[in-house]
Amino acid sequence: MRLLIMGPPGAGKGTQATAVAEHFGVPAISTGDIFRANVAQGTPLGVEAKRYMDAGEYVPDAVTNNMVRNRIAEADAQDGFLLDGYPRTVAQVEELDAMIAATGHRLDAVLCLTVDQEAVVERLLRRAEIEGRADDTEDVIRRRLEVYAEETEPLIAVYATRGLVVEVDGMGEIDEVQQRIFAALDSVPQS
Ligand code: AMP
């Protein structure tokens, strides 16, 4: 399975991505997690990414695309993957199309989690307290939601025209949402 999980910041993508990836036996690849690991280790990539992340802005496409290209070329991603947090811009969609086409495969589905905007802000503020993420202050959260609406939400329409979108209600308990996701994805034919 080659899957994407999409939804606004705070929709619960990371939590659900792990469970879905395990279910299908593919790695969950989170660009946000890879950036955060690089920030923690102080790599040049981390130093560059941090400037954008702390402001709630997107890391430049060239940097992000390169990182994803390298990651999905690794051995564990040859039979499939679930991308969490990528693509986020039209340019990234085009790059991902090229990366997948180069392997002779295709994308199977784009899982879209829908949530209530105010609930999302509350969820993110709660997570900020628990995890202490530098990009979880209220101003930065609002900026991330704005950037999502401007740059990323339109991608759902792009994938919808390809018939790939599987929409799932992301509100409710983690287990409940997970069951909805499995039910929705189990009807997707695997390539
Ligand atoms: P996330 O954990 O997915 O919310 O990502 C945290 C931050 O990492 C984002 O707010 C961006 O600054 C950066 N980031 C993650 N994925 C991407 C991407 N595909 N394109 C650009 N920036 C990204």
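Every residue gets a Cβ built from N, Cα and C, even glycine.
According to its DSSP assignment, G12 (ATP binding site) is coil. Here TrEMBL flags G10, A11, G12, K13, G14, T15, R127, G172 as ATP binding site.
Under the heading AMP binding site, TrEMBL lists T31, R36, E57, Y58, V59, G85, Y86, P87, R88, Q92, R133, R144. Annotation for T31 (AMP binding site): same-chain Cβ neighbours under 8 Å, separated by at least 6 residues, are T64, M67, V68, L83, D84, G85, Y86, R88.
Positions annotated as region 'NMP' by TrEMBL: 30-59. Helix, strand and coil residue tallies for the region 'NMP' (30-59), in that order: 23 helix, 1 strand, 6 coil [DSSP].
Of the binding-site residues A11, V59, A11 has the largest number of other Cβ atoms within 10 Å of its own Cβ. For the pair formed by E57 (AMP binding site) and A11 (ATP binding site), distance between Cα atoms is given as 18 Å, rounded to the nearest Å. Proximity to ligand 1 (Cβ under 6 Å from any of its atoms) holds for none of the binding-site residues G10, A11, K13, T15, R127, G172. According to DSSP, R127 (ATP binding site) sits within a helical segment. In sequence order, V115, V120, V121, R123, L124, R127, I141 make up the list of same-chain residues 6 or more apart from G10 (ATP binding site) whose Cβ falls under 8 Å from its Cβ.
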